[in-house]
Amino acid sequence: MNIVENISIIVFVTLSGIFNYWIINNNIGITFSLISVLLLAKFVGNQTEEISEVVGEILGGITNATFGNVFELLFSLIALFKNREKYDEILLNLLIGGVVSNILLVLGSSIYLGGLYNDNQIMKNIEIHSTNARILLVSSILITIPSLYKEIKCYKKDIVYIISPIDNEFECNTRNIDIIIAITLFSTFVGLNVYQLKNKKNEYNLGEEQEKSIKMNILFLLIGCGIVGFISDNLINDIENIKSNISSLIFSFVISGFIGSFPEHYTAITASIQNKIDESISISLTSSIQLLMFIPSILVFLGFIRNREFTLVMPWYLLIPMNITTLCSYLFLHKKKMIWIEGLFMMFVYLTIIVTICNW
């Protein structure tokens, strides 16, 4: 373990806490918080890379994606349990921004750089990757349903949606639809993980030393997750103040979407350069599946239990990038050979979406 990197994490996390709780300066505080997330990303990447060397590229990618998404998960849960309804739109921006970043930027740059360093790369686990890509596409279509329902069935009058321009007594409510879709997404997510683990369970055999090493890696990952939870709470406290200078859409979709997924970014690109394209694809797809299927469904369930509605209804500026992104993953991951020019194209699609979002 790099002592300098670990000391840097301690210093910046401490400064983040100082500027958030004692010296109230939100702009400086949020800067230190974001730097802390970047340093923690590298820390998480190093731990999961050591795990992947033992359990293989696919399971290593799943581990990296799971711990890499802890920022989005903790940020979402803290906002939900603090009853911050005003952050619901920001949470959706953060989740969809993470998906767009994972597929178009991370996977695109992994395919591009991996191709430049190693020539065109070959996928060894095309069945798993293509299945993930198809499920991701269908999930994005499912998530689009509540928004389509609300757009077609209801019209907007001031703030309240109503069923008919004549009858103002009934509000247009998508809660039942949200719950059904959340159940579908969560069940599919569980089934998909069982399928992947069953396909890979016999591909590795751990020795005693390797078991100890993995346990230590997981312990360090859990410590990192706890620190990320602290940073997430700081960011939630700061986010209202930074919105005066940067729009909430740009901050949550572009900046937080990129920063929050940085652990996956770092590890996926590094793995691709090392000619481990399966690990790169596994990280990008698994992370996106968690952001699109697991976290939204958990938020809907917890919101229902706490009588605090969290809806899957999204504005069109999120639905369009989400569906374009999942369609790209489906189109580019159906063959064994990865061509680097396709990665470059995905990066340009990402750039187009970001420029459009910034000018929204």
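Each residue, glycine too, has its Cβ placed from N, Cα and C.
Per TrEMBL, domain 'Sodium/calcium exchanger membrane region' is recorded for 29-197, 218-356. Among the features that TrEMBL reports, transmembrane segment is placed at 6-23, 28-46, 58-81, 90-113, 133-149, 179-197, 217-236, 248-269, 281-304, 316-333, 339-358.
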Open item on the list: Counting Cβ pairs closer than 8 Å, which of 28-46, 90-113, 179-197, 316-333 has the most of them with the transmembrane segment (339-358)?
Closed with: 90-113
Open item on the list: Under 8 angstroms, Cβ to Cβ: which one of 90-113, 133-149, 316-333 has the largest number of such pairs with the transmembrane segment (281-304)?
Closed with: 90-113
TODO: Output the single range from 6-23, 28-46, 90-113, 179-197, 316-333 maximising the number of Cβ pairs under 8 Å to the transmembrane segment (133-149).
DONE: 316-333
